[in-house]
């Protein structure tokens, strides 16, 4: 993947950059693997906003992705590499020997025409899915299962890759992209390789309208709201927040306040927590 930059013809193109889509080989999805789904727009079943700043955006067709990779010992051929509007990774259409077609997340350096497989006896090659117990130490993997048979739930974003670092008994240790070191059961499946579209984080949005196309609405600072809308709101002019520290719209401490439950069951599986990320950026005290 490459990144295409624009000349400053307009204020919107001055900082704008986009993917050059050079890896895309087909522009129409497989019709049998697409479906229309109404978007939640950040609302729950009662219509109450549960996730702010979502709504609008271009219409999308959902592509059914095979996260389980449960087509065992049946080779498949990669037919296309396609764009998916529902995620930042690319997807590949795979046709298996029995004629069935499925979409998978497109790994980096997986070419059209390559043959992939899933199962405990599959080769250690990009695109193949195996149990963690069969994957050598140091191998990069993605689409990792948390519960055996449930399908991959971790390491699915563009450019993401986890690394197998240790095996002991019934557990395998992976180092995740966040820096967290975690234990997984050896029966959990993972796919060899790194997710493609690795330069996606280097793309500059350039203008507010592109975020609206994606269904992302503006993020308003609490300090410019009224007191009825946010604890930071109100005052004359640019007033301080009037508290000892920043809080959420519901009055809970934020920006560094730990929210993870102390008795969370997965704590026993985490060897080392992920590295800290700084949330105090420009205007970070205003939530």
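Quick reminder: no glycine exception, Cβ is built from N, Cα and C everywhere.
Listed features, source Swiss-Prot:
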REGION    1-30  region 'Disordered'
COMPBIAS  12-22  compositional bias 'Polar residues'
REGION    211-287  region 'Disordered'
COMPBIAS  211-220  compositional bias 'Basic residues'
COMPBIAS  258-287  compositional bias 'Basic residues'
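Note on the compositional bias 'Polar residues' (12-22): residues 1-6, 83, 197, 199-200, 202-207, 209-210 of its chain, located 6 or more positions outside it, place their CB under 8 angstroms from a CB of the stretch. Per DSSP, the secondary structure of the compositional bias 'Basic residues' (211-220) breaks down as 3 helix, 1 strand, 6 coil.
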